[in-house]
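**Student:** Here it is: the structure, laid out below.
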Amino acid sequence: MPAAGSNEPDGVLSYQRPDEEAVVDQGGTSTILNIHYEKEELEGHRTLYVGVRMPLGRQSHRHHRTHGQKHRRRGRGKGASQGEEGLEALAHDTPSQRVQFILGTEEDEEHVPHELFTELDEICMKEGEDAEWKETARWLKFEEDVEDGGERWSKPYVATLSLHSLFELRSCLINGTVLLDMHANSIEEISDLILDQQELSSDLNDSMRVKVREALLKKHHHQNEKKRNNLIPIVRSFAEVGKKQSDPHLMDKHGQTVSPQSVPTTNLEVKNGVNCEHSPVDLSKVDLHFMKKIPTGAEASNVLVGEVDILDRPIVAFVRLSPAVLLSGLTEVPIPTRFLFILLGPVGKGQQYHEIGRSMATIMTDEIFHDVAYKAKERDDLLAGIDEFLDQVTVLPPGEWDPSIRIEPPKNVPSQEKRKMPGVPNGNVCHIEQEPHGGHSGPELQRTGRLFGGLVLDIKRKAPWYWSDYRDALSLQCLASFLFLYCACMSPVITFGGLLGEATEGRISAIESLFGASMTGIAYSLFAGQALTILGSTGPVLVFEKILFKFCKDYALSYLSLRACIGLWTAFLCIVLVATDASSLVCYITRFTEEAFASLICIIFIYEAIEKLIHLAETYPIHMHSQLDHLSLYYCRCTLPENPNNHTLQYWKDHNIVTAEVHWANLTVSECQEMHGEFMGSACGHHGPYTPDVLFWSCILFFTTFILSSTLKTFKTSRYFPTRVRSMVSDFAVFLTIFTMVIIDFLIGVPSPKLQVPSVFKPTRDDRGWIINPIGPNPWWTVIAAIIPALLCTILIFMDQQITAVIINRKEHKLKKGCGYHLDLLMVAIMLGVCSIMGLPWFVAATVLSITHVNSLKLESECSAPGEQPKFLGIREQRVTGLMIFVLMGCSVFMTAILKFIPMPVLYGVFLYMGVSSLQGIQFFDRLKLFGMPAKHQPDFIYLRHVPLRKVHLFTLIQLTCLVLLWVIKASPAAIVFPMMVLALVFVRKVMDLCFSKRELSWLDDLMPESKKKKLDDAKKKAKEEEEAEKMLEIGGDKFPLESRKLLSSPGKNISCRCDPSEINISDEMPKTTVWKALSMNSGNAKEKSLFN
């Protein structure tokens, strides 16, 4: 961004073009930039010629000729006479159109754009020492400067440039030497070729040439060398040590590890895979930590500026090497150099040269100019790139901005694709149709029309990735995810088993729940389509089990046998759904339904975590109004009940207890509760004596676990410690929290409630085994009647499984190995049937656990430029974490001695963390925060730019109403119909098409699939529009090939349609400015001076 507030230098630079007469720009710069494309060139643009190899340039170094010399332009002019009218229009193309034409050329091997690292070096002279090139700034994406003290790099920041320095840079390229596709192997050869071109115009005599050559070949001193040259490093920061430890090992060509200490000088295999044996690299001078941030295959762009006392006018050269060459000692990091920009001038204008160098380096980091620099064939192409850059910059008012302020790099850099798109006749840019949100319309959800067709395609899609699902798990991140989720999964499984045991009088309890979860999870992780999904128990299943058990008890039926029949019918119906590709209906589940369902599950997790903590007050009561002076008078003793109930009397009778012989006052709390005694005294609560400290200590454990987990998870973005340490702490955040809290709880010694794990592997009740007879003592007709509740169960399983699968498989997660909706449902169905036969609980996809699993396996770019936010790359897709979670869960019976130390409040804190963290990224909660927020304070959400705020609020209110209804049903005795209500959300969303336009819904939600008839109508309408557009093009007489039309929107032809006075051509308007006229006049004076000398 040019900062208009910068002060203009005392004088403007004068340049002389060395390879021909000085070009004096008197306001007609557009004529210099006229690109006379011949008809044959336009017709051949974007055309692939097979089997024809064209030379990229001359092989001789001595006869290397700059692009844009007189005879070339004459040739162009001769060709132009054949198509005068078309080329006259082309002469007035905007820089944007010219750049689009340049970028449309076919790429060859030598002109494929690479990532660029740009370094700015300036000549530095110290008293009593020889001059040397000193690194003063560098760019990988953002600018970093060597601070004034010379001891450290600045923080990366967005470069702000003065408009004057950009004009001077443009003048440099017009009047300086431009050498494209130079073949050279060393800085000496490059210097000679540049000076040869300068001598052609008699600008340099022999003595000046020698001095300039000496200046170009001076030693380069880089900032990282200063630390390494210190002979006595007394203090080394922990961060620097961490950098060394976290650097990747460098490998020599034999695969052996190379360290800077062991091999001071060796041939380094550069990151683009080229090994330059003639350019040895001293590893001791390489900043290995910074090298890690350089992308693989990157090339260097070196900007050399400085003052030389013998010169009376600047020497400017822009060089593109072909191929790129590793120039030893020139660049801070050992990567091949592709571009060089050299500016040497008289003494007294060092700051001016510095700003021009910054402008050159900054413009090389621009995505569009970067590509133009690689594909340019002549000087005019580079000028078009600069003009296009100037056409896009933003100017800051001088009175409202301080140029010394450093702008922080943005979190998200906007895409530059629109700058590459061709224009349309009205002068606007053709916008790419964006996909605001990811839908579910991929090939995985298309009906095949064949029996089990979708399942077969799922297997074919997932089979090639199967072994990679195990290889990709070789990462510490997977270990952290596994340890965290094992602890997170254990507690709900055991809690669910305990609740089920209470509801079924011990027929299915904790040990059955552990065994069922382990067996189902292992099978699912091994063979499911989407192994990132974590299976768990759900609330509606528990409600169903309670209702079924009560029904069986009322009608004297065998609960486990009837349950087995229902489970087998449910499994069969699910397999029927797989066979008929019913999972394709998932495409009707849009973001509206997903977010309502996911939000409800997250809120339930948060609510139940807090509810369980509050419930501890009943087990561990406290005396809220204690009088400290009466502490010695408080007591609580066990006594004989005054009015024992029938249950108590029967217990005493069964155990032969004679109440008169029992010393009730001497019994412990557990003994008193076991013998059905009563507690009496001023320190007694409803269920026993007041318990000191336990409830408050549990609260401390609960909230500390949540806060510490959240803090450690965000530690990755903190400013402390090296990157690898921060990443490891972030990955292991929850496990470290649990471990820390267990140690603290053990050391404090307060008897907090602990995780209770069954210690013996056998059924809870002795009157049942591991295999259940589906008929058993029940009448035969119960087998057929079981299909009725099985239908409801099937809807429950299908909705829970597929909504969770849809959330996991969203396009935002960038999954690369495909989905497997049909295969997932098949595995759930098979294991549901197995669990029914064995009398084990049913397990289906658990939404919050699955979201947490995915979030713990997020991948971010490791090689990010300084100041650039790491990019989200996707999810580490593998099967091992899920497999290990459930394998270890099955072994938990043998780990009771360890697991008994885990306090339950810590696990409740983990539930709270999982619920809160899963809410992040749910758009519904972002929209909910907009209520009551003034418009000026609202975040810049993309949908707020395209949808009126009242429509956003209406959409949110409808979603909130549905969420409240779901909550009410979930908490009521009618919770068994909860899946039906989730299904009803799909119909609610369909009705919303009447209240919102298609465009509004595309930003707020996913578009629902339309009917077949509507699709056919839209296809016919689109075909008709294309046909009319073709007719209009034919009437317009557009003779360009189709590909050229798409790329250029017909260069030159657009101009004939351009009648909007607001449209300008920056190349035409720039020469009219006073600044440019001053530069041109100075250039003219320089020419006259050179002629008369």
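Just so it is clear, glycine is given a Cβ too, placed from its N, Cα and C backbone atoms.
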**Student:** Per Swiss-Prot, which of Cys602, Cys636, Cys638, Cys699 is disulfide-bonded to Cys684?
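**Tutor:** When Swiss-Prot is consulted, Cys684 turns out to be bridged to Cys636.
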**Student:** Please verify against Swiss-Prot: do Ala517 and Ser558 share a side of the membrane?
**Tutor:** no
**Student:** Let me make sure I read this right: Swiss-Prot says Cys672 forms a disulphide bond with another cysteine. Which one, out of Cys638, Cys699?
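**Tutor:** When Swiss-Prot is consulted, Cys672 turns out to be bridged to Cys638.
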**Student:** Against which stretches of its own chain does the topological domain 'Extracellular' (926-962) lie, if we need a Cβ under 8 Å and a gap of at least six residues from its ends?
**Tutor:** 436, 592, 595-596, 985, 988, 992, 995-996, 999-1000, 1003-1005
**Student:** Six or more residues beyond either end and a Cβ under 8 Å away: which residues meet both conditions relative to the topological domain 'Cytoplasmic' (500-523)?
**Tutor:** 489, 493-494, 534-537, 542, 545-546, 549, 559-560, 756-758, 760-765, 768, 827, 830-831, 834-835, 838-843, 882-883, 885-887, 889-890, 892-893
**Student:** Which sequence positions outside the topological domain 'Extracellular' (846-881), separated from its termini by at least 6 residues, show Cβ-Cβ distances below 8 Å to it?
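**Tutor:** For the topological domain 'Extracellular' (846-881), the sequence-distant neighbours (Cβ-Cβ under 8 Å, at least 6 residues beyond its ends) are 140-142, 144, 155-157, 290, 292-296, 409, 411-413, 465, 469-470, 472-473, 475, 477-478, 480-482, 484-485, 488-489, 492, 525-526, 531-538, 597-598, 601-602, 605, 731, 800, 803-804, 807-808, 813-817, 914-915, 917-918.
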